[in-house]
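Accompanying notes for the structure given below.
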């Protein structure tokens with residue numbers, strides 16, 4: 001007789017509740033359990049850590065961690081808008097708000113926490129809000145629309161995020177903090193002071209040491225907050241973000257053991273005082289501690305799953321170190337930041353001009369690291385955290401760990417010294433050993449490590465360290481770790497681009513003469529050819545450049561399997577007149593070309609022989625068509641939907657924008673091909689979020705998405721900026737594309753470029769939007785030169801009888817290639833079927849090894 | 001004298017040196033054979049069969065010329081196998097060797113030994 005399934009009920013479908021379910025349904029014994037989950041919120045689990053992204057344009061969909069179909073697939077029953085209000089521990093049932101009674105064998109409380117609102121008279125009025133759920137955010141947005149001034153009560157991590165949100169909503173924003181400094185839990189006084197300076201410089205006022213005594217009607221604004229010290233502040237709205245309290249109401253009412261100040265007491269297996277009931281996440285109290293971060297919650301979920309399924313993982317507490325970016329300011333907090341350990345000694349580095357503060361807290365014998373504070377520069381976080389966690393021996397002079405690198409000195413201890421157990425990614429609990437194993441299995445760049453270990457895909461704070469572990473493991477395996485372009489150049493592509501730019505080198509001959517050796521090869525020649533074309537934009541078939549051009553570029557057409565070519569004229573944004581279509585049809589018919597509509601909304605002619613290319617292009621250019629660069633590592637197409645000129649739903653004229661973009665960037669040679677799309681509304685018919693550059697119209701302007709990809713490894717584009725006007729949109733795209741051209745590896749699409757970029761999206765934003773590197777104007781000027789010097793390569797080629805000589809199968813005969821043969825298929829020519837022999841991978845299929853410095 | 005005349009008739013002129021841009025190739029028809037001729041540094045010429053056995057097409061003259069170590073090679077424009085221009089050997093598959101041909105420049109003309 002089959003044993004009936006164990007019934008598991010999960011109360012609360014937040015991040016931790018979902019993690020528990022995800023871990024259990026992917027467990028090998030998953031079939032033994034039937035899971036039901038209840039959420040009092042109207043939707044399934046979403047990413048609360050990224051909540052503030054909602055204000056910078058992310059949608060609820062972007063934030064979702066799971067979908068009904070995922071739960072359906074795994075047989076998980078889910079009820080939203082359904083609050084669990086009763087537990088009968090003896091009968092082992094729960095009761096819900098709608099009167100449902102459900103039996104359980106095991107009950108999981110993952111009820112999370114609620115925002116603490118200090119008991120201030122006047123706190124319950126309209127426009128006095130909290131910051132925790134998507135509904136809260138909607139309320140904040142609505143309130144902001146009727147307000148000019150906003151106050152956040154609470155200067156901790158969440159409070160500052162919330163202040164940033166108000167600032168982004170264009171309110172005059174204030175932070176009111178009870179403690180004498182910001183982020184008093186995580187960082188020391190010195191760090192807090194610098195953080196305050198930086199945040200005030202952004203236009204947010206900070207008031208510390210303020211105890212709000214009442215909220216009354218204001219004279220200038222809606223409310224007046226009176227403080228205990230007699231001062232006051234007027235505001236239109238208030239958001240309370242003064243900490244969290246465990247959501248333990250159910251446990252309290254139904255007699256599970258609680259801590260003195262709340263929280264459901266759990267053991268190392270996350271069991272409560274009733275062994276059939278577990279509590280995980282922010283509602284749980286372990287060793288008298290509430291963990292208000294998601295990573296420890298995930299560890300609890302895993303421990304609970306392990307105990308239920310007979311595994312041996314237990315919860316052993318968690319490190320609360322954290323690294324984040326608050327309003328663009330890098331903040332890192334490790335261990336004992338306040339030097340509270342007995343005898344602790346400190347080292348401090350403070351660089352006021354650059355706004356960098358670093359503090360080390362070490363043991364009294366100066367042998368181990370106890371804690372650290374990093375403000376303005378958290379690049380040492382990845383080195384310091386494992387030193388603290390693993391109690392690694394400190395260098396003789398611990399201060400070298402935070403002093404700026406001086407020429408010739410290497411102050412990093414290196415990840416090679418770390419044990420395999422050292423945690424690299426805290427979001428997904430990935431150890432150095434896990435990464436080493438993935439490298440041994442063949443993952444040889446950060447992007448592939450991300451996809452096979454999940455490391456670096458949470459907050460992204462560990463990506464630098466992943467790169468270091470990757471390099472050290474490759475070195476251990478005897479793989480030569482360098483980023484040289486090939487045997488002819490001991491430089492990376494990025495370094496060569498800098499050389500070309502700064503030394504103003506215009507030819508391959510000069511470059512290899514001064515910076516390389518030998519004659520070049522099929523790797524470096526096209527790469528250098530591409531860089532020269534990006535920077536100088538000279539005619540690629542001139543004598544000095546022609547030998548650098550790869551298979552397709554060298555004849556300005558795409559070679560097909562039989563050595564014939566395909567021809568693609570530009571049809572910007574897919575917009576074409578009926579007469580244009582007729583002309584194309586006539587040309588296709590005349591040269592008997594197989595004709596197909598491409599994925600990029602244009603028309604491709606196949607089966608043109610080499611000698612026919614100039615004839616075909618003569619007719620195309622006479623009819624007003626230009627080259628479509630389908631053969632180049634360059635901008636291909638800008639796809640568009642029909643937009644507001646015709647569509648009932650269109651917000652803006654997507655076709656005009658797509659034409660503008662395509663005409664602006666056509667001919668731009670780049671590390672790999674580039675595709676763009678413009679959609680006229682969020683229905684997204686142009687599929688812009690799967691493109692290198694995606695633009696979507698909203699009622700407030702353009703939203704810009706970057707680094708998406710379809711193809712072999714699809715990647716959803718990242719939202720880069722919202723509500724842009726035309727000029728800003730173009731400015732950002734100019735900068736992003738040129739920065740990509742300068743810094744990507746050869747044949748690296750923008751998606752992998754982004755996945756391998758240290759600092760990721762936030763870094764790209766800081767370069768492009770904040771102009772952190774002070775190269776914005778430079779990038780725009782480089783792009784302007786490319787745009788200004790555009791000429792149709794086919795038009796230019798047709799004007800040169802010398803160049804046209806190459807477009808013949810034989811140099812000494814008018815005969816054509818007699819080996820070509822076609823057979824009819826669905827009314828058109830089809831290339832003969834050659835049995836494709838086993839070929840080594842093409843350049844494009846080789847995975848570049850990218851080395852983090 | 002007779003011997004010299006015979007030697008001259010054995011060399012077939014296919015084009016002028018100026019017809020080949022440095023570091024690129026062209027394809028010549030000699031008899032019924034497609035021959036790829038490459039011009040590299042110091043106007044040195046190489047000639048191999050134009051047909052790539054992997055790609056099964058007559059296209060090698062359109063490939064990129066370069067060096068791998070000391071060997072001068074052309075990369076097939078279809079699937080990127082590299083062939084040693086001096087010996088015809090395929091670097092990725094030494095079992096495969098292409099036919100090579102004698103080539104020279106004579107009075108500015110490119111000639112193949114027929």
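From the backbone N, Cα and C atoms, a Cβ is placed for every residue, glycine too.
Whatever TrEMBL says is automated annotation, not expert-curated.
Record features (TrEMBL):
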type	residues	note
DOMAIN	A:7-301	domain 'FAD/NAD(P)-binding'
DOMAIN	A:321-388	domain 'NADH-rubredoxin oxidoreductase C-terminal'
DOMAIN	A:424-471	domain 'BFD-like [2Fe-2S]-binding'
DOMAIN	A:560-623	domain 'Nitrite/Sulfite reductase ferredoxin-like'
DOMAIN	A:632-757	domain 'Nitrite/sulphite reductase 4Fe-4S'
BINDING	A:641, A:647, A:681, A:685	[4Fe-4S] cluster binding site
BINDING	A:685	siroheme binding site
REGION	A:823-853	region 'Disordered'
Listed in sequence order, the residues of the same chain lying six or more positions from residue A:681 ([4Fe-4S] cluster binding site) whose CB sits under 8 Å from its CB are A:647, A:649, A:650, A:651, A:696, A:697, A:698
Same chain, |i - j| six or more, Cβ under 8 Å of residue A:641 ([4Fe-4S] cluster binding site); the result in sequence order is A:647, A:650, A:654, A:655, A:678, A:679, A:680, A:685, A:686
Near-site residues: [4Fe-4S] cluster, ref A:641, A:647, A:681, A:685, CB cutoff 8 A to centroid: A:642, A:643, A:649, A:650, A:654, A:679, A:680, A:683, A:684, A:686
Of the listed stretches A:321-388, A:560-623, A:632-757, which one has the most C-beta pairs under 8 A with the domain 'FAD/NAD(P)-binding' (A:7-301)? A:321-388
For the domain 'Nitrite/Sulfite reductase ferredoxin-like' (A:560-623), the DSSP residue counts stand at 27 helix, 14 strand, 23 coil
So for residue A:685 ([4Fe-4S] cluster binding site), how many other CB atoms are inside 10 Å of its CB? 18
Residue A:681 ([4Fe-4S] cluster binding site) - helix vs strand vs coil (DSSP): coil
